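Asker: First, the structure itself, so that you have it in front of you.
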Amino acid sequence: MIQRFITCLAALTLVFAVVAPAHSVQSNPFQQDNQFLSVDQAFDFDSEVNDSKVTVSWVVAPEYYLYQHRFKVVPENALAAEPELPQGESHNDEFFGESIVYRNYVEWSFTLNPEFSGDTITVQYQGCADAGLCYPPTEKQIKLSSTSETAPATAPPNTDSSLFGIGEQHLIITLLLFFALGIGLAFTPCVFPMYPILSGVVLGNRERNWKNTLWLSFIYVQGMAITYSLLGLVVASAGMQYQAYFQHPVVLIVLAVLFALFALSMFGAYTLQLPISWQSKLQSFSGQQSGGNIVGVFIIGAISGLVASPCTTAPLSGALLFIAQSGDMVSGVAILYALSLGMGVPLILFGLSGGKLLPKAGAWMNVVKQFFGWLLLAVTLFLIERLIPTSISMWLWIFYFILAAVSLAVSISQPLRITTKVITIVLLAAAATTGSYWQVNKAQLEQKSHGLFTVVSNVSDIQQQVAESDRWVMLDLYADWCVACKEFEQYTFSDEQVQAQFQEFKLIQADVTRNNAQDVEILSRYKVLGLPTILFFDPEGNERPEYRVTGYMNAEDFKKHLEKIVSE
């Protein structure tokens, strides 16, 4: 029964992993009645000049954030050295991957070059709202003659709604995921067969009753958990200093290669573990501890966390890289603590039941190990897809899902009965088909929606298109740095019912990614707060502000919005 459950869970996990991202965006639409702040209200800028030191700060409104990689000082020769960016928190979205952002309040200091003779410098920054609006790149000039006219930057009251960088809700999901992964690691062939021996070592000569077993097993797990948690703390604290570098293409490639190597280890291509000499010394010290007492059992658990088996070394290394990239010390400790608790659950169950609640060791454990290998390989693809065209990443994912399904199906064909074989293979085939379809459909929708619009590049082009049309004109303002703009293209404009309504409109689009003089003129002329923004012009050529769309709108709501305009 356990074997069937594990293999079916593996297949369903593959299906969920590819269906959930597409569903979540469409099932959680942002309402259009959001009242967005102006850029200066969302990001209250302040500066102070003290001799050669300049300090700039932003008070960031709740549910808004600034991008770390958008911070820049112009001209660059005004700086004495490359300024160190303040620590931020990790932010992930479907289109741009992992970024470092600032919420609530951020302060940035840098030193001026003594040889710089200019009177002013310019600070550039850019941010977005959680509700789906991104502001154009913003510039603020700072006078360097004596002291800045602005007031000194002071920290506001602490309004942080989350203790953890990845957010409380996301942290809970992450902890549950790593707890489940810990349970999965416990069923790998290097770990699971050791539980009978380990249970005997933990109990020592103590009387074997459920109270002693539960208590000592818990102490052992705590020793292992604290060791892992300390590893997470060390790695996260180191990652905090280098968060910005984790977004560099070279670093992403290196990380992708590392995860691929970890995956090969789980496939049995080579053995990844501590040097034998280190293991011998740790095991020798562990052997000197006596089971059956709290201190001895705790030390044995702590040492077992260091002597990682070949089956756990690769996933543990992958978890450490994940924590290093987040740079969040608190969540780093919590994640590895959850992972180790998951690994300890089977030990506690084994001790309490004498092994009756757990399956017998067998070939099915290799399936679990291989499943972890495919999960690590998926991380490799997630990392490199940020650096390659969508068309290429689409085919890589298709190849991945098919190969993973075939590989797992072949692996489970031996240890399972014929009924379970058929069920599991069907589930794996469904996972591969679903994943492949989603990737192909995603690429096709992006191309399809993007080709609907006539491209305009300045105010004159817009005015000409509006003047020549005898229908309603819809002007879509787009930029590559706008996450919600991409959501519009992929999930809203690609909808068949929306496209049916498009027949009543002339569609034009202005790409303001570069934020050059022409782009700024467009945004200024039409008083655009941020992106995405969609303007509507009636057949007489007048812009109708009451129909303007600011921020993301899902397909159903946008279709109704178009119907309302046409029915006028």
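Placement of Cβ uses the backbone N, Cα and C atoms for every residue, glycine included.
Here the structure is a predicted model, which means the values were calculated and not measured.
As annotated in Swiss-Prot:
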SIGNAL    1-22  signal peptide
DISULFID  C128-C134  disulfide bond
TRANSMEM  172-192  transmembrane segment
DISULFID  C190-C311  disulfide bond
TRANSMEM  215-235  transmembrane segment
TRANSMEM  250-270  transmembrane segment
TRANSMEM  294-314  transmembrane segment
TRANSMEM  332-352  transmembrane segment
TRANSMEM  364-384  transmembrane segment
TRANSMEM  392-412  transmembrane segment
DOMAIN    416-567  domain 'Thioredoxin'
TRANSMEM  418-438  transmembrane segment
DISULFID  C482-C485  disulfide bond
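Tell me about the setting of these features in this model.
Answerer: Annotation note: C128 (disulfide bond) sits in a strand segment as assigned by DSSP. Its own atom aside, the Cβ of C128 (disulfide bond) has 23 Cβ atoms within 10 angstroms in the protein chains shown.
As a whole-number mean, the pLDDT of the domain 'Thioredoxin' (416-567) in this prediction is 83.
Long-range C-beta contacts of C485 (disulfide bond), restricted to its own chain and to partners at least six residues apart, with a cutoff below 8 Å, comprise C134, Y478, A479, L531, P532. When secondary structure is read from DSSP and collapsed to three states, C485 (disulfide bond) falls in the helix class.
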Asker: Give me the CA-CA distance between C482 (disulfide bond) and C128 (disulfide bond), in Å, as a whole number.
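Answerer: With distance taken Cα to Cα, C128 (disulfide bond) is 8 Å from C482 (disulfide bond).
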Asker: In this structure, which of the disulfide-bonded residues C134, C482 has the fewest other Cβ atoms within 10 Å of its Cβ?
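Answerer: Comparing Cβ neighbours within 10 Å for the disulfide-bonded residues C134, C482, C134 has the fewest.
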